[in-house]
Amino acid sequence: MSSEKVDASSTMNSKNVSLPMSRVKLIMKSSPDVSSINQEALFLTTKATELFVQYLAQCSFKRGSGREKKTLAYCDLANAAEETDTFQFLIDILPKKILARDYLRSLEEMGEVEDD
Amino acid sequence: MAERPEDLNLPNAVITRIIKEALPDGVNVSKEARKAISQAASVFVLYATSCANNFAMKAKRKTLNAGDVMAAMEEMEFERFLQPLREALEAYKKSQKGKKEATEQRRKDKEKKTDPEENDKSREEDDEEEERMEDEQEGENEGEEEEVEN
């Protein structure tokens, strides 16, 4: 199995970041209790987010079953969130999808139990 | 405070680029997957910020610093990021220093031509402000470009 190591130089330019720091700062400031953020902290957070995007994409893609995969799909992400410890915090925003009919069926089953 | 919900999202084009570079050539990414990764990235920022902030508060500081962010990564079990982040930070500090030195040099050159004495310290602060604003403007310009695509 190939190493999943993420390295700084693989994102565009290791001196800078691709994601706009001003936008990252906006998100950070929306967090309660945060007063101010020093420039290095902002840089690191932006860089870490890029590394995270790479890591999430790679992990999710690798988890696809052994068959030939040419597409990264939503379900790959949802599976990765459920199965990988470090992605547990994403479980609520990457829920697994179920078919509508399965959901309706499970609702019916719950209804039956209550009637008893 | 962000006025629109889109403001808390990261630019799609940049996210897509990062994803594509992380995956083998020829792999496609569904639109849904891209959107989900983008949202996950925003959540990551919030989680990291909140975590880093805890460290800052413990140390009775109001400003988040680099150490807080590194500690947050460890706390979140992203130790794999620590080394690349350290390296990137070093490179960043060097490039910032280079900029500052270049600005200093320009200032010195100007001083040779004009009258000295007047501007010393307030100039330094202005230059630092300029640097920060430059960085932010670069970031903002990128952001604006991306929004048009949306």
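Backbone N, Cα and C atoms are what each Cβ position is placed from, and that goes for glycine too.
What TrEMBL says about a protein is an automatic prediction, not a curated fact.
Now, the feature entries from TrEMBL:
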DOMAIN    B:9-73  domain 'Transcription factor CBF/NF-Y/archaeal histone'
REGION    B:92-150  region 'Disordered'
COMPBIAS  B:92-124  compositional bias 'Basic and acidic residues'
COMPBIAS  B:125-150  compositional bias 'Acidic residues'
(message) Per DSSP, what is the helix/strand/coil residue tally across the domain 'Transcription factor CBF/NF-Y/archaeal histone' (B:9-73)?
(response) 47 helix, 4 strand, 14 coil
(request) For the domain 'Transcription factor CBF/NF-Y/archaeal histone' (B:9-73), provide the mean pLDDT of the predicted model. (result) 96
